[in-house]
Each structure stands twice: as C-alpha cells, then as structure tokens.
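K.L.:
I have a structure here, written as structure tokens, and I will follow up with some questions on it.
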Amino acid sequence: MAALSAWFWNERFWLPHNVTWADLADPAPGVEYPKAGHLLAALPLALGIFIVRILFERFIASACARSLHIPPGAGRRAQPNAVLEKVFTSITKNPDSRHLDGLSKQLDWEVRKVQRWFRQRRNQDKPSTHTKFCESMWRFTFYLGVFIYGIQFLWQCPWMWDTRHCWYGYPYQVMTPGLYHYYVTELAFYWSLMFSQFTDIKRKDFLIMFIHHLATVSLISFSYANNMARVGSLVLCVHDAADFLLEAAKMANYTKYQRVCDSLFIVFSVVFFITRLVIFPVWILNSTMFESWAIVGPYPSWWVFNVLLLLLQVMHVFWAYLIFRIAFKAIMRGKVCKDVRSDIESSSEEEPDSPTEGRKASTHTPKGENGTNGHCAAARTRTQNHSSW
C-alpha cells in the first residue's frame, strides 16, 4: 500500500520541477497549503447536502408548488395485473401488435383495453410536475446562493482581475478559509448530484451528465491537490453564472408562465454563450495553457489538468448546439418549442388513455401566460447541473 501511495503521489507528476512535497509540508505559522486529505470533508458534507435537499423539497419547495397550483397528486394508476406487469417489467413497455394480440387472447381483453393498461402503467412511472418543480427549486436555490458567495469572495481576490496572479508564487499559495469553504462546498454538492442522479428524473443525456459530474469532481479534487485552487475558483464561478437562470426558467415552465419562461430562456442562452464559449476559453483556458506556461512551465499534472478543461469545453460546445437548435426552432415557429432533450418517460404530460384523447391532445396545447402554445425550451435543457465544471 505504501508503494502504491508513493507511486500515485509521485512528486514529478504532481508538482513543478524542483518542488517536493516536503517543501509544502511545513509552511510558516498561520499559513496553510492545500492537502488532499482536506477533501475528505466533502463526503460527509455531501450526505448533509443530500439530507437538506430532501427536507427542502419535501417542505419548502412542496409548499411553494402548492401555492402556485401545482398539485402533488398522482395520475391514474393501472389496475393490478400480474401477467401484464411481468411483460411490462421483463419484456417491453411498448408492446407491438403481435404482443397486443397475444395478450388480448390470453386475458380475454379487447386490444384497446390492453393498450390503455400499458399507457396508464407508463404514465404511472413518470414523475409529476410537482416533483420536477421541487427538484428545480432546490437547484435554483443552491446555484444562486453559491454564485453570490463566489462573486463576493472573488471580488476581493487579485486573480479575479488579473489571472496571472493564479500562477505568481505557485505552488506556494496560501489556502484561505474563504477559498477552502468555496471549494469543499462545491465539491460536496457535485458528489451529491452524481449519486442522486440515479434517483432523479431519467433523461436522454444521463450518461453524458454522469461523465460531466465525474469530470467536475475530478477537476475540483485534482486542482485542489496540486494547489490550482485560484484558477479553479474562477472556473466554478463562470459555470455557476448560468445555472440558476436555467432552473428559474424550468420552474416558470412548470407553473405555465410561458412569457416568463421564454424571457428567462433568452437571458440564460445569452449568459451561457458568453460564459461558456467566450469567457471560459478566452479568459480561463488562456490562463491555464499560456500564462501558466510562461510563469511556471509545464509538468505532467499540468497537461492532465488542461486536457480535462478541454474535455469540459467540448461538452460546452455540445450543450451550446442543443440550445442553438431550440433557439432556431423558436425563431422559425415564433415560440420556444419543446426541448430536444426532454425527459425519457418523464414528461409532465401524460399519454392519453384513448385515441380520442390523443387526437384532442395533438390539436390543443395548454396556453401559457402570453397566450402562445408550446413548452418553454429552457424547461429541461441542462448544462449542469448541472453547472459546474
């Protein structure tokens, strides 16, 4: 185990040339350098954040949802049937005509009745609008709070105004209490997001969001371990700038305030493009790749850090493409249309129980505040959470 630890924490990988762990082990009195062990505090804090989230959604967010006329009631449930349940869970949730005919004969039901049972059973698994509103309200509250804290903290820091201060004196840079609390809180939140993703609403980009959260946790931990926390704090703040706007737009969509939703989506889109496609590459990547090269010089962990940031930028481009598609459709149709990244079996709109209802639903969509049909595109497009690094 000692040999493995020595290999993993090899100084020639983690630190610049001519710097050793011993140089950082005994700082002057009152001075604290980052240590990897500090990050362990994020794990119990992540559990605490998860518990706070459950209480927040159950009491505060749920009360807000009810006051906005979003009832928590469940939809119509399919009648218990062991045969159909086995087919639903083991074979298919959307039986074709062959399966429908076979089940109809086996149960002595009309085919339409079998179809209706499967529609109700699929709807039964879909989270309600109330559930999704509570989830978005929790994320909005956290993102807004941590963004305000980040701005207040960084406003007093010299590296906010001149990114070369991220590298002056590196790696002998003091870890202040404010920077430590900012880092550990963000890390704990993304730990909680990564694990709660398995219990949250399932979406088409589940895998890419999981990779995103994993990359976020890795980047935060990696940058803290080799004391790149100054530039890391800038990365966190840049990503937090757009996330609370997205969650606000989603809440407006769930409450059917279409005009508010569309306006928030426009603001979110502008902030997203500026922060993720302009500020991040021009301001932050320029500092990590070029300013650090000139002041500190490259070394193995420097290369890894920059590769991870470039991977993150690729994800930014992917999400920007999705947002562009939504905006383009909105312009073409004169409204913000339904999200291209909608929930998998998680829409707030239930499938109709009969063909007649289906025809009605296809020709009529509830109007929003501005009297236009359709759904707010921002309602379920996430950047992450998310968002994050």
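Glycine is no exception: its Cβ is also placed from the backbone N, Cα and C atoms.
Feature list, courtesy of TrEMBL:
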- 36-56: transmembrane segment (TRANSMEM)
- 84-128: domain 'Homeobox' (DOMAIN)
- 86-129: DNA-binding region (DNA_BIND)
- 131-332: domain 'TLC' (DOMAIN)
- 140-161: transmembrane segment (TRANSMEM)
- 181-199: transmembrane segment (TRANSMEM)
- 264-283: transmembrane segment (TRANSMEM)
- 303-324: transmembrane segment (TRANSMEM)
- 344-389: region 'Disordered' (REGION)
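I'm curious about the neighbourhood of these features; can you describe it?
P.N.:
For the transmembrane segment (36-56), the residues of the chain that approach it from at least six positions outside its boundaries are 9, 137-138, 141, 175, 180, 184-185, 187-189, 191-192, 195-196, 221, 224-225, judged by C-beta separation under 8 angstroms.
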K.L.:
How about long-range neighbours of the transmembrane segment (181-199): same chain, 6 or more residues beyond its ends, C-beta under 8 Å?
P.N.:
38-39, 41-43, 45-50, 53, 142, 146, 149-150, 153, 206, 209-210, 213-214, 216-217, 220-221, 224, 229, 232-233, 236, 384-386, 388
K.L.:
In terms of Cβ proximity under 8 Å, which residues at least six beyond the ends of the transmembrane segment (264-283) contact it?
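P.N.:
Cβ under 8 Å, 6 or more out: 163, 234-235, 238-239, 241-242, 245-246, 248-249, 252, 313, 316-317, 319-320, 323, 326-327, 336, 376-378, 383.
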K.L.:
Over the span of the domain 'TLC' (131-332), how high is the average pLDDT in this prediction?
P.N.:
92
K.L.:
Which numbers of helix, strand and coil residues does DSSP report for the domain 'Homeobox' (84-128)?
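P.N.:
In the domain 'Homeobox' (84-128), the DSSP-based counts are 32 helix, 0 strand, 13 coil.
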